[in-house]
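As given in TrEMBL:
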TRANSMEM  9-29  transmembrane segment
TRANSMEM  41-58  transmembrane segment
TRANSMEM  79-101  transmembrane segment
TRANSMEM  107-124  transmembrane segment
DOMAIN    252-431  domain 'Bacterial sugar transferase'
TRANSMEM  254-278  transmembrane segment
Amino acid sequence: MENKLITKVATVILTTINVGLFAFVWIEYYNKFAFQKFRDYGMVAFIILFYICYRYLAKLYRAYDFASNSIWETTLSQFISLSLSDLLAYVLACIIANYYVSFVPGLIIYILQLSASLTIVFITKKLLIALISPLETLVIYGANISEDEVVDFTSKLLRKYSHMFKIGKIVNENDSLIKTRMKSVKRVIFVGITRNKRNEFIKFCVETNQSFYFVPDIEDLLIRNCEIKNFIDTPIMHYNSIADKRALYAVKRVFDLVVSFILLVLFSPVMLVTAIAIKLDDGGPVFFKQERETINGRVFKVLKFRSMRVNAEENGFRPAVKDDDRITRVGKKIRKNRIDELPQLFNVLIGQMSLVGPRPEPALLVSDYEKKLPEFKYRRRVKGGITGYAQVYGKYNTSPEDKLKLDLIYIEDMSFILDIKLILLTVKTVFIPEASEGFAKKKNEILREAEKIIS
């Protein structure tokens, strides 16, 4: 309760300050240039527009998630939300005025907005750390997950959400005292337990008003959007195949064409400089081509800027790892900010890929993935993309099964609005190193703690 109250108060204060600063500069300077007539209506309309845009982006980027995110990540979210909102208002002001309007007053206000955001984020985070205590939590694991995997799962959870969960014990689903243990805590997390046991424990939690979380199976994700039909007096659930979304595919293709062309034009200077840098670095080819698999099992050659030394895969395909000695000096820089992915816009332009979709995997590895994860074939139902759900919410070390689950969430929820959200969220991931999650503790320290409480 204290957590929510502090967050709400900080959100109201932060929103009021940032919208108030925008309103001030608009009323005092920009409104007279943008609107020669109907100035009052224009003023109100633009302030409301900024408020809606800023609030939407702040929620999308979790810029009000003071408790879960680090100070750096929350400030970054505020930075992106304010940058896009202020830029949109400034561009519209110039368009309506039909001539260049000075950006200096807006820039001054923008700096004040960022300063206020950083101050409030810092104070709120410190206040939450001082006042909020995590709730006692029990983790229950089963036959579908190994002890090492459940320890890794728990450590990942504690790195970012130690303010929510105080995990005192990790027990097996067959523990003789399991229901007594469940009663003694505020929250329960089920991970990798068998379906029969999960159903039994969920019923127990409902009966005892116990709060619980569980890691879904792939089957759970496939039917998560089923619609209940009241044909008769027996509830019937209906699964709607994505094959019925033909209109969406047409909209996606038009969107891919227009946006990929615009992005190629905008990023052409960056791509030119990158190409020259790669050539000057070792004299090798600028581009790297590799066969990937996409919709309906089609194979195509993905295009990327070469970030590894020539003949890096002469002994066969080997995924890149941290501090990989095959990565060149230029490669380290362009991989960090995903610049090496930009040539894939050509793949999108000619229809081989989409801007948003499951990441197309190397054709040589697909059969191996399907042997381990038969449901991997479900990814073939849609076109592969440059970015996607797994790229936004996953990490470089996310397991293949969890990446598949993230991809299936996208496939089942696929919509034009979701594509827009994922593209906007990709902007944020560019600024955050994949291995960094704003951890409160070092990974090894948390791993040791998790290992101590497993039984």
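The backbone N, Cα and C atoms fix where each Cβ goes, and this holds for glycine too.
TrEMBL labels come from automatic prediction, so no person has curated them.
Residues 18, 22, 26, 30, 33-35, 42, 46, 49-50, 53-54, 57-58, 60-61, 63, 109-110, 113-114, 117, 427-428, 431 of the same chain lie 6+ residues outside the transmembrane segment (79-101) yet bring a C-beta within less than 8 angstroms of a C-beta in it.
If you look at the transmembrane segment (107-124), the same-chain residues 6 or more away from its ends with a CB under 8 A from one of its CBs are 6-7, 10, 13-14, 17-18, 21-22, 24-25, 66, 71, 74-75, 78-79, 82-83, 86. Sequence-distant contacts of the transmembrane segment (41-58) (same chain, at least 6 residues past either end, Cβ-Cβ under 8 Å): 15, 18-19, 22-23, 26-27, 30-31, 34-35, 64, 77-78, 80-82, 84-86, 88-89, 92-93, 96, 424. Same-chain neighbours of the transmembrane segment (254-278): 284, 286, 305-306, 328, 330, 334, 339, 342-343, 345-346, 348-349, 351, 354-355, 416, 419, counting only residues six or more beyond its ends whose CB sits under 8 Å from a CB of the stretch.
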